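Copied over from Swiss-Prot:
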type	residues	note
BINDING	Ile98, Gly99, Arg100, Gly101, Ala102, Phe103, Gly104, Glu105, Val106, Lys121	ATP binding site
REGION	373-420	region 'Interaction with NPM1'
COILED	439-1024	coiled coil
COMPBIAS	513-530	compositional bias 'Basic and acidic residues'
MOD_RES	Tyr722	phosphotyrosine
COILED	1052-1131	coiled coil
MOD_RES	Ser1137	phosphoserine
MOD_RES	Ser1362	phosphoserine
COMPBIAS	1362-1376	compositional bias 'Polar residues'
MOD_RES	Ser1374	phosphoserine
Amino acid sequence: MSRPPPTGKMPGAPEAAAGDGAGAGRQRKLEALIRDPRSPINVESLLDGLNSLVLDLDFPALRKNKNIDNFLNRYEKIVKKIRGLQMKAEDYDVVKVIGRGAFGEVQLVRHKASQKVYAMKLLSKFEMIKRSDSAFFWEERDIMAFANSPWVVQLFCAFQDDRYLYMVMEYMPGGDLVNLMSNYDVPEKWAKFYTAEVVLALDAIHSMGLIHRDVKPDNMLLDKHGHLKLADFGTCMKMDETGMVHCDTAVGTPDYISPEVLKSQGGDGYYGRECDWWSVGVFLFEMLVGDTPFYADSLVGTYSKIMDHKNSLCFPEDTEISKHAKNLICAFLTDREVRLGRNGVEEIKSASFFKNDQWNWDNIRETAAPVVPELSSDIDSSNFDDIEDDKGDVETFPIPKAFVGNQLPFIGFTYFRENLLLSDSPPCRENDAIQTRKSEESQEIQKKLYALEEHLSSEVQAKEELEQKCKSINTRLEKTAKELEEEITFRKNVESTLRQLEREKALLQHKNAEYQRKADHEADKKRNLENDVNSLKDQLEDLKKRNQSSQISTEKVNQLQKQLDEANALLRTESDTAARLRKTQAESSKQIQQLESNNRDLQDKNCLLETAKLKLEKEFINLQSALESERRDRTHGSEIINDLQGRISGLEEDLKTGKTLLAKVELEKRQLQEKLTDLEKEKSNMEIDMTYQLKVIQQSLEQEEAEHKTTKARLADKNKIYESIEEAKSEAMKEMEKKLLEERSLKQKVENLLLEAEKRCSILDCDLKQSQQKLNELLKQKDVLNEDVRNLTLKIEQETQKRCLMQNDLKMQTQQVNTLKMSEKQIKQENNHLMEMKMNLEKQNAELRKERQDADGQMKELQDQLEAEQYFSTLYKTQVRELKEENEEKTKLCKELQQKKQDLQDERDSLAAQLEITLTKADSEQLARSIAEEQYSDLEKEKIMKELEIKEMMARHKQELTEKDATIASLEETNRTLTSDVANLANEKEELNNKLKDTQEQLSKLKDEEISAAAIKAQFEKQLLTERTLKTQAVNKLAEIMNRKEPVKRGSDTDVRRKEKENRKLHMELKSEREKLTQQMIKYQKELNEMQAQIAEESQIRIELQMTLDSKDSDIEQLRSQLQALHIGMDSSSIGSGPGDAEPDDGFPESRLEGWLSLPVRNNTKKFGWVKKYVIVSSKKILFYDSEQDKEQSNPYMVLDIDKLFHVRPVTQTDVYRADAKEIPRIFQILYANEGESKKEPEFPVEPVGEKSNYICHKGHEFIPTLYHFPTNCEACMKPLWHMFKPPPALECSRCHIKCHKDHMDKKEEIIAPCKVYYDISSAKNLLLLANSTEEQQKWVSRLVKKIPKKPPAPDPFARSSPRTSMKIQQNQSIRRPSRQLAPNKPS
């Protein structure tokens, strides 16, 4: 039966319903967008947008715009409320600062509510906008938020305020790998583990379609179990469809940057994920060696080494690195076309370096790490460095005069992993009371759950800690067992070496005794010579005495004359000085008088100013009293306003309560209406059911009555049976009547309910009318109050205008007071300045007197020193002669040794001739053997023919296999198309619900086809397996044929055996001859080594003597210069020169400069720092001493020739970017010639000089392309040459270190000056020096620049070492970091 339409609906109701359905669908889509955390318009983004708009518009200048002011009035309060409800920095307690960078810092924090520990990263909005790059943090936030990888540090939430962005991340208490490498000597086993984890972490990032571009140990953090996670994704970039990246700037850390990324600067950068694998190679090298492979103190040095990596990559000899590790490093540090990992991670995973028994690529994260951090608590930060508090003022955005939009770039940054906003399902249409109860119950349950979860997590943590301790104890036990075994083996080795050493000791003692005899013999000779010298000296003295007796009288006369002259000269000088002092005294007295007069004038002015000041102060007091009265009036007015505002707020609250009551009434009304409609529906349903049942009963009754009548007519005889039937019918009728009664009672109940609902509706209508009346009354009251408020605001505006006028007057008066104060200060300053002038003049007078006395004393001391130095110089000359004679004797010995060597070589040649004869015999034997081999080759030909036949069979077999493979491929393609069709049909199913039956039939058909295809595929796979087994059988058959030996004729076998015997005999003879030869060679080699050692010792002694001579020469030069200065002073004093004529240059004469400077230790300032040396610059040499004692003993550390100096200059940040920023203004660089240091033991390993393919030659320069991220200027056009993120392409000369734009070279501009340094790299050196202050650095540079020869020194082809860079031989120390065997629980 068709149901009648509802009475209250319009004719077009179905169309409206359809429209509502479409609208609901769009609303759901919109809701999905708002709920989706990855959507740009999610709830957090919308709230951020509103918040940032209010922050950017809430300024006085912008509020003048009426629209902006209205917007702020509307949303300002609600935005403040949102800020109060949202997460903020105050929700966390800061434990410690664990990191600081250019944009902010990382803090270790504890959440106040949950008591959980996190790492919170703060990024300054001002710094990011100031440096014109605010996009890098988006990639970092998105990766950490949506990665869901165990290899990436997780982001729990991100929020912001007006100053900072906050990222709350998981805390990694193990610190970074830089900390681990600084505390431990990393063995290869550990390096294998950490490299494998880095590879897996990078693979996870690459699988997201990103390239990291800044892989380094600083960005590798360790969790509490010691496993690795990657961090700092600010440099990440999205790959295109081909897996490549387009970038015009070189991004990354200089030591870890790849060549292709370096080449991208200023050009079309196009590279792939292989740039990350380069960084992995650098990281592995650093772990095993202790330094990066392309380390240099300057940026240009590192970049040039990276570009020339084929020549510059070398492994140090003092560190043991396995062949597999070297191969892997070389495979990573190659050109990108051949680099390992270019074709996928599986390439790297299959490397032999990673093979081990402890872990594999699938379970590495479940295995125990090499170092598990020992933590005292959940806030243990011992693996992080202590960072000083930043006491500097935090910079903020200035107040704008127009709209700037500083907050707009950060809209959408807010994120929560567990987003509670809009997380619940839409609210059910039930009573509010039930919902509140349910929510309260759910909150209580959640609290209990949370407490249980916390308890569980603590228990789990405790369990994990115990398991870790057990694991660590097991690993320690294993380590100790291994160490024990190693110690046993080491002990055995030591014992064997001890025996060898004892034998060598006995030999050395024997040699020592022989050398002692020789030394005694030499000593006797020396004593005899000394006796002869003494006798000669006695004779000389006798002769001198005779001569002196005749000359004494003349000398006395001369001495008296000299004394008279000296006394006269002294008298003259004293009279001159007395005259000078009188003049200066008169001048000073005049100056004092002038100053006194000036002082009086100033005092008078001061008195006048004080009177003016008093007047102004009185006026100021009067104004202040007026101001206070105004303030009182204002406060009274503000109190009235506050009262009115309170009344308004009360009325507004009443309004709100009225609105809420209205809303509740409307809600109840709706609910009742809904109930009414439901009841009506039920009633109509019930009526329909009842009518239907009645009709059915009536029909059954009519049928039964008809049957009854027929039965009465037919069967009158069987009354008894009929009576029983009637009884049954009557019972059925009774049951039916009961049912009818029940239905009627139900109907009455429904009607009663309807009446009650109608009564309630009428009551609610009455209530509604009453509330509307109340609302109207309240609105009228509100209008009256608004008029009062307007009147009061007008009054307030008038008062503010009056106040502004008063304030302007006050400002004028305060300005006048300030000007008077300023003039008073100036007068006081002038007075102080004049007083200081007076004091200085008095001091100068006293100093002049002291200088005169000191000069007299120095004259006497220098005379004594001169006499002593003359005596020493004669002694040194005699010593030099003796040394020269000894040197000549040693050269003779060397010649004799060379002759012996030639004799040995002649003997060796004769032995070689004998060897050739034996070899000819062997050749004749080989001829006979070749005949036998020819016969053997005939047999092999037959064998090859058979092999060819087998190959043809194999080729046919392969063809058949390829055909079958093609059919399988075609089937697989059909299978793919079928699966794609299934996916398409599934999508259509969702869109077209009406055609569901048709699509299901098609799907079932497709599934049948798919099953049949799978069956066909299975058949073909079986065929493939059978083909493979046949193939393996064929290969095995081939191997049998190949390995089968062919029968050889018996007649030729005996000849071969005979010849083999003869061959063996010859081999034995050859062996014996070779052994004899090697023994002789060893013997002669030992003698040669001993000779070379002696020569080296002698040359070292000669160098040291030469260095002492140089230092003595410089001392003599100093004394001569001092003498000359004294003579000049004497002459000038006799002539009567003024006191201000001769000006000393910093306390040193023009030719000499000395002081303390620092040199870099092992050319690595980052690791080993600087060492202090006392440096003296004479007219010819630069002498370096370890201490002043060495200087007194004439024992220099290093000597350089000034003639060979090329260039001296102060360094920039790019030259020594590893040095501390405070040290850079104190460092300068010396470039000098170095024509042969081969005979000297090198203190540092010499860096190999690579090809100059990457240099750009221009005007004598050797330019290297670079980028500057630090402040630097172009030395050609003086424009900025740097940028923090996108620097312009630049060039730097590797010789003179001039810096310029690359555009000058490209445009062929003539701005660039020629190179100041012309030298061959193989015969040149540079030296960095650190002065005590910037003033000293400037002094050293200016003085050394003057000493550089105008023409560059020509390299001497015959010179052995000019200049000498003679350094004392120091013990070879390892470059590795100091080892650490203790657990990693250390103070950072």
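Including glycine, each Cβ sits where the backbone N, Cα and C put it.
In the three-state DSSP reading, Ala102 (ATP binding site) counts as coil. Summarised by DSSP class, the composition of the region 'Interaction with NPM1' (373-420) is 3 helix, 2 strand, 43 coil. Across the range of the compositional bias 'Basic and acidic residues' (513-530), the DSSP-based residue counts are 18 helix, 0 strand, 0 coil.
The Cβ of Ile98 (ATP binding site) has 22 neighbouring Cβ atoms from other residues within 10 Å, across all protein chains displayed. In sequence order, Val106, Ile387, Asp390 constitute the residues six or more apart from Arg100 (ATP binding site) in its chain with CB-CB distances below 8 Å.
Non-local contacts of Ala102 (ATP binding site) by the CB criterion (under 8 A, 6+ apart in sequence, same chain) comprise Glu127, Arg131, Met1284. Contacts of Gly104 (ATP binding site) defined by a Cβ separation under 8 A and a same-chain sequence distance of 6+ are given as Lys121, Leu122, Leu123, Ser124, Glu127, Tyr164, in order along the sequence.
Around Val106 (ATP binding site), a 10 Å sphere centred on its CB holds 21 further CB atoms from the protein chains shown. Whole-number maximum of the Cα to Cα distances across the ATP-binding residues Ile98, Gly99, Arg100, Gly101, Ala102, Phe103, Gly104, Glu105, Val106, Lys121: 15 angstrom.
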